Amino acid sequence: MKKIGITLGDPSGISPEILIKSIDKLKKAIYVIYGSYKIIEKVSSILDKKTEINIIDSPEEAEKEGVYLINVYDRDFCVGKPDKETGKASVLFLERAVKDILSKKLDAIVTLPISKEYVMKAGFRYAGHTDYLADITKTEDYLMMLLCEKMKVALVTTHIPLKDVPENIKPEILESKIRLLNRELQSKFGIKKPKIAVLGLNPHAGDGGNIGREEIDIINPVVQKLKSEGIDLEGSLSADTAFNRYREFDAYLAMYHDQGLIPLKLLCFKKAVNITLGIPFIRTSPDHGTGFDIAGKGIADPSSFIEAVKLALKLSKQY
């Protein structure tokens, strides 16, 4: 039976609530939560919901279908009040789960949201899960991709300031990202010949060089080179109209975060899933953040987390 690790993320956010609301739906596998028993107990009380979780020390102790908890860092966290301690907890939950999956004790991991602000206050030097996972696994070619039933969007750059995006759009980087996306669509999603839309960087894809030259100098030559090798690409496309054609493409490759994720979340919010492509194990996560402002109010929607679990379990069965 497959073992799916779940990291609790920031314990003062909506993650404990989402997890508690989803427990009855966690079926057909062994689920190992990396978190804090006290916060799960506290939020269960707030929600007036009885939560039965088996506490273990290692995934190897979990032998039958059910939900288990490794009590990684147990403190009396305050709901909706993040601080350096909740940031530290987020990091410890993640580090333990990654250690276990690299030791082959898990088949996939699902990561609940962390706060970049508070993990950095706790000494974490990464902009998010994706960069950490790539570094810890020594993965050079990796991609952040969000997907739902209607659309898949991968990103060339992720959590960097907008002003730094152009200098990170380089021919060798773009080429490796396209090749990786094509391979992963084939291997993980069973698409024999993926059709990929490559977006431009500038408005109207540079308008023939009048609004920037990145398309002419970098993006279009890479697209043409890879098309000549048989990869089915179209681009560079103007991002303001490209998403009207989402039914025509198996995936989009966006140049930066908001360019790709605004349309995806508009179309699929609450159902989208984040997956890290290129790393040597399966990692998914929901498409939302920590939700500190609504933590403890009982209104957090677990739908995206449930979809992330479903995808992790589905992909784990292929390996």
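Indices start at 1 and increase along the chain as displayed.
Placed from the backbone N, Cα and C atoms, the Cβ positions cover glycine too.
Under a cutoff of 8 A between CB atoms, and with a sequence separation of 6+ in the same chain, the neighbours of R283 (substrate binding site) are A108, I109, V110, T111, H129, L133, I275, T276, A312. Residues or ranges marked as substrate binding site in Swiss-Prot: H129, T130, K265, N274, R283.
Under 8 Å, Cβ to Cβ, and six or more positions away along its own chain, H159 (divalent metal cation binding site) finds K116, A127, G128, T130, D131, H257. Swiss-Prot lists H159, H204, H257 with the feature divalent metal cation binding site.
H159 (divalent metal cation binding site) falls outside any helix or strand according to DSSP and counts as coil. In the three-state DSSP classification, N274 (substrate binding site) falls within a strand. The binding-site residues examined here are H129, H204, K265; by Cβ neighbour count within 10 Å, the least packed of them is H204. The binding-site residues examined here are T130, H257, N274; by Cβ neighbour count within 10 Å, the least packed of them is H257.
Comment: substrate site residues H129, T130, K265, N274, R283; largest CA to CA distance 20 Å, whole number.
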